[in-house]
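Just below is one structure, and these are the notes that go with it.
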Amino acid sequence: MAARSDGVGLRSERGPILLSLMLATALVALDSTIIATASSSIASDLGHFQQLPWLFSVYLLAQAVSVPIYGRLADVLGRKRLLVVGIGLFLLGSVLCGAAWSMPVLIAARVVQGLGAGAVLPISMTITSDIYTLEERAKTQGYLASVWGISSVVGPTLGGVFSEVGAWRWIFWINIPLAIVAGFMLIRSYHEHRAVGERRERIDYLGAGLLAGGTTALLLGLLEGGTTWAWNSGASIGIFAAALVLLAAFIVVELRVEQPIFSLALLRRRVVAASTIASLVIGVVVMGLSTYVPIYAQDVLGTSALIAGFALAALTLGWPISASQAGRFYLRWGFRVTSVIGSSLVLLGALLTITLGGRSSVWLVAVFCFVIGAGMGLTAVPTLIAAQSSARQNERGAVTGTNMFARSMGSAVGVAVFGAVVNGHVQLNAAGVPEGAGLMTAMHLVFLSIAMVALVLLVAVMFMPAHRREPGIAGATEAAPA
């Protein structure tokens, strides 16, 4: 659909389409913030605390692997059809999650949700770029960013409320009306016009399978090592060896296939490589905090799920606030300076979390999280825009996809690594050290690890270009912290 100049806003001719995309985005935005504050309640009800990281990892893994596949299929089959499929999968996954009777069933249902989320975010962004001009997209991003800002407050609050009243299943069932309305509005309002058959797109199913198998084996080894089996056992060594072989085969395939699922050639460019590393680290930090800040607040500090939700909301609220101003900053100071300021704030906030103890104020946790979130907004936007502005028009989709893929993979692997740290330490201390003390030590190790990863982020953004290279790119921005 060609871009039209009938105005931008919910009351314009394209307003119903924009609203449907906002509702679809709200599905993923709300889910990414609401589940963290309910994780302790879920574990208390279903048991298997050590499997808790899988709730996040399998969702993020399914999302990451499916993103590039949906991107290819959207070019072949159309955006609308694939987005409706994604919303439908997310709806099905939400129903199954709410009905789960055990932790393994809930984990399996989260895979279905992740497969839906893999279509919702990237295709929504693609439709926006299809129907709006570059100048108009600067305004539409404000609408999409508002979804994340609202979700950052509503999500943790609802998660806390549902947990307090013992109704954690509603954190999933609340998606049902949103998904139905979003799908209905999209089908009714969006009439896609596209050229078909100009180029036959080939889906790299082999690469997708190798990537899924390799990353799954890696996550399995990280999450189960030291708990289900010893780190130096045959099972552990075999799983990590399988992950190494599968990922190596994936790299070989991607270097040879005509239309790779993940373009490794783009990473030869310094700005794209630096942006990808930054996105990977951002995924690690954000999901690490999103997963374990609520657990720390509830199980170590003894706060309610609702208060823990407010602490997490500070992280996700700081992001869109600073992201909305990032364009103004990098136009004045350049990509490198802006992202260095942002990553320095991330590092500062991460270092401050190391000082937290068993009697710290939860409001202090919220302040530290807000600092980190503000830094993320000033880092994620200029690093992505710098990479996009260094690419040709026909490469920007691949560059954006690479950035989103890296963040999703960073989130999945980060949760797995931190889960291994927590699970291993809590198990070691279960015999003689009180649970609270052992968990506090584990949380301290998580915060220390996040600070070390934040240092990598600061180093990576040092390689960003000093100034933007393409006139007119200033209108672009990033809508979300997902």
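Each residue, glycine too, has its Cβ placed from N, Cα and C.
All annotation found in TrEMBL is predicted automatically rather than curated by experts.
Lifted from TrEMBL, the feature list:
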type     : residues : note
DOMAIN   : 17-469   : domain 'Major facilitator superfamily (MFS) profile'
TRANSMEM : 52-70    : transmembrane segment
TRANSMEM : 82-101   : transmembrane segment
TRANSMEM : 107-128  : transmembrane segment
TRANSMEM : 140-158  : transmembrane segment
TRANSMEM : 170-191  : transmembrane segment
TRANSMEM : 203-223  : transmembrane segment
TRANSMEM : 229-252  : transmembrane segment
TRANSMEM : 272-295  : transmembrane segment
TRANSMEM : 301-321  : transmembrane segment
TRANSMEM : 333-356  : transmembrane segment
TRANSMEM : 362-385  : transmembrane segment
TRANSMEM : 442-463  : transmembrane segment
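Per-residue confidence over the domain 'Major facilitator superfamily (MFS) profile' (17-469) averages out at a pLDDT of 81.
The stretch with the most CB contacts under 8 Å to the transmembrane segment (52-70), chosen from 170-191, 203-223, 442-463, is 203-223. Residues 51, 53-54, 57-58, 61, 64-65, 68-69, 72-73, 76, 236, 239-240, 242-247, 249-250, 253-254, 257, 259-262, 409, 412-413, 416-417, 419-420, 423 of the same chain lie 6 or more positions beyond the ends of the transmembrane segment (203-223) yet place their CB under 8 Å from a CB of it. The highest tally of CB pairs under 8 A with the transmembrane segment (272-295), across 82-101, 170-191, 442-463, is held by 442-463.
Nonlocal intrachain contacts for the transmembrane segment (170-191), taken as residues 6+ away from its ends with a CB within less than 8 angstroms of a stretch CB, comprise 1, 16-17, 19-21, 23-24, 26-27, 30-31, 34-35, 38, 80, 83-84, 87-88, 90-91, 94-95, 97-98, 127, 158-159, 162. Long-range contacts of the transmembrane segment (442-463) within its own chain (CB-CB distance under 8 A, at least 6 residues past either end) are made by residues 270-271, 273-274, 277-278, 281-282, 284-285, 288-289, 292, 295-296, 300, 336, 339-340, 342-344, 346-347, 350-351, 353-354, 356, 379, 383, 414, 417-418, 421-422, 425-426.
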